[in-house]
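> Residues or ranges marked as domain 'Major facilitator superfamily (MFS) profile' in TrEMBL: B:18-525. The transmembrane segment annotation in TrEMBL covers B:20-43, B:55-77, B:89-108, B:114-137, B:158-178, B:190-209, B:245-264, B:284-305, B:312-329, B:410-439, B:451-473, B:499-517.
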Amino acid sequence: MNNIRRIAGAVWILLGIAAAYFLIVEQAIPLFAKGDMESLVPAIIYTFILSPIITGGMCVFGLYALQNEYEL
Amino acid sequence: MLQNEISEGFDGKKLRRVIAASSVGTLIEWYDFYIFGSLSVIIATKFFPSDNPTAAFLSTLATFAAGFVVRPFGALFFGRLGDLLGRKYTFLVTLLIMGFSTFAIGLIPSYSSIGFLAPILVLTLRLLQGLALGGEYGGAATYVAEHAEPNKRGLRTAWIQTTASLGLFISLLVILATKKSMSLEAFNDWGWRIPFLISIVMVGISYFIRKNMDESPLFAQAKQEGKIVANPLKESFGKKLNFKFVLLALFGATMGQGVVWYTGQFYALSFLQKVANIEFEQSNYIIAISLAAGTGFFIFFGWLSDKIGRKGIMLAGMLIAICTYRPIYQAMYELADVSLKTEKANSRQVHTDYHMIDGTVTLSKVTRTIYTYTDGTQLLEEKTEKVSHLPSIQREKAMLKKTIHVGQHAFWMLILLVFIQVLYVTMVYGPIAAFLVEMFPTAIRYTSMSLPYHIGNGIFGGLLPAVATYLAAKANTANEVAAAAGQSLPYAKPYLEGLWYPIIIGGVCFVIGLLYINGKDREIND
């Protein structure tokens, strides 16, 4: 089971990167491109709040899992 | 162990006072926080300058999101204070900030009176509300858990867990009661301020109850023994030993709990009003009755978590929720879908009014049609169009607004469906305070548990309405484009597309929780 926990770490890192792609490329950039105030607020939230928390958090979590930090 | 000594020497009366003082204050904070969300449409028209009500509403949603986004910052700021100065003083401060902000929102003159100062003040006070809420919950949960007997921690802290739903329930009741006590015009004009203003009385009472409580015994002893850390933020997030548990609490528990909580309460209300077109008052009754019926289960699942463990209950709630959301929302949609109902013969009523639009030669023609169905459901269709000899005005599209009042059977079925979602909420949320408290040591508990809780609920949960609305709107647009091009529709049920957000987030959280959470750690005196 600990092996599964460790290997799944790679999945969490990939998930974090995929979240960054979705939030920034799919969501934020088209909203920034619109340029109006209504679009700017969610674009800023996606780029500067959600992305660092989700991507950063997921990648560090995955790294810790790969390092066997969550061994039970 | 100190925790056992405390509990053995503790009288039940004092413990009940600790729980009551903590729960009532937290409940009031949730009430304060939710009335803003519940009244967001009126607030938009009063404070956010725009001729377009949708744009005004979006501005308020942005403010709403701002209220959620600042919650984690409140968790950091007040969590640090709570681990340095003590739990009691910190959650007294958060209570006062929340009370002041809510009361002040009720006093701000509208945009038409003071211009841009009005939305700026509202936004500032809303941010203060978010900060205060960020510091409140962790303090209350920690304070109760550090007083509770080790084998009843789930049960005792479950009282804190009821407060979020009760706060929402009371906010809906106060709004409905205020609305009923006056005309719609008076409520829209000034009556909406009453729910904000009465908060000051509740906060005052709660302040005086809390003021007379003692500091948490575990914190007091840690302070006496010099075990208070100088920098709780660095200790919590700068050291791998603690930070890895902060991440696990977020991705393996609070992230999924947050989306289940918001789906079962807020998204359900938004879906009833905006997708199913059920009228404001009836949709609020559906949510309020479901919440009232479900709230006792927070205590039940808190108690059960002391017997069989916290992890199993929380993860089971998450799994059942994500597997059943789509059928539940499909059933909710169908209960209000008039195309599936039979119209009563000779029951249709049509009224047409004409109003002159000021300063123009154009008439506004409003046609109200009431359709009555055999199950007692009524649909009010309001079509507004402009009548003029000017071709440019003749080309303007008519505005169509639908409001549905469902019959008795559909009403109770909707309550049942929302109640089932509230049950999921009680499964994931009832045991979580005890679970989080047990994850972290006394010296950094307030800081460490507050941050994952508020990121999970504030960010993952709080942004659910915006993300879900976006997904549903995207599906609708794709269908419209396909229909215009004569192609088959890509989305058979676009109104269910918003549910992918809680299903995916909840699914990832479930897998992480299942793999990594150790459900056996119950020690908090470390």
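Glycine too: its Cβ is placed from the backbone N, Cα and C atoms.
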> Please report, as numbers and ranges, the same-chain residues at least 6 past the borders of the transmembrane segment (B:312-329) whose CB is under 8 Å from any CB of it.
253, 256-257, 260, 263-264, 271, 301, 304-305, 417, 420-421, 424-428, 430-432, 435, 495-496, 499, 502-503, 506-507, 509-510, 513-514, 519
> Is the transmembrane segment (B:114-137) packed against any residues at least 6 beyond its ends, judged by a Cβ distance under 8 Å, and which are they?
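Tertiary neighbours of the transmembrane segment (B:114-137) are 25-26, 29-30, 32-33, 36, 43, 46-49, 59, 63-64, 66-79, 81-82, 90-91, 93-95, 97-98, 100-102, 104-105, 108, 160, 450, 453-454, 458.
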> Any residues 6+ beyond the ends of the transmembrane segment (B:499-517) with a Cβ under 8 Å from its own?
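Beyond its ends, the transmembrane segment (B:499-517) has Cβ neighbours at 248, 251-253, 255-257, 259-260, 262-263, 267, 311, 314-315, 318-319, 321-322, 325-326, 329, 460, 464, 467-468, 471.
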> Is it the case that the transmembrane segment (B:20-43) and the transmembrane segment (B:158-178) have 3 or more CB pairs under 8 Å, with pairs at least 6 apart in sequence?
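Taking Cβ pairs at least 6 residues apart, the transmembrane segment (B:158-178) and the transmembrane segment (B:20-43) are in contact, with 3 or more under 8 Å.
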> With contact taken as 3 or more Cβ pairs under 8 angstroms (pairs 6 or more apart in sequence), are the transmembrane segment (B:190-209) and the transmembrane segment (B:410-439) in contact?
no
> Between the stretches B:89-108, B:284-305, B:410-439, which wins on the count of C-beta pairs under 8 angstroms to the transmembrane segment (B:158-178)?
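The stretch I would name here is B:284-305.
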> Using a Cβ cut-off under 8 Å, which residues of the same chain at least 6 positions beyond either end of the transmembrane segment (B:245-264) come close to it?
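For the transmembrane segment (B:245-264), the list is 164, 236-237, 314, 317-318, 321, 325, 418, 421-422, 424-425, 428-429, 432, 435-436, 439-440, 448-449, 451-453, 455-462, 464-465, 499, 501-502, 505-506, 508-510, 512-513, 516-517.
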> How does the model score the domain 'Major facilitator superfamily (MFS) profile' (B:18-525) in terms of mean pLDDT?
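Here the predicted model's pLDDT, averaged over the domain 'Major facilitator superfamily (MFS) profile' (B:18-525), is 88.
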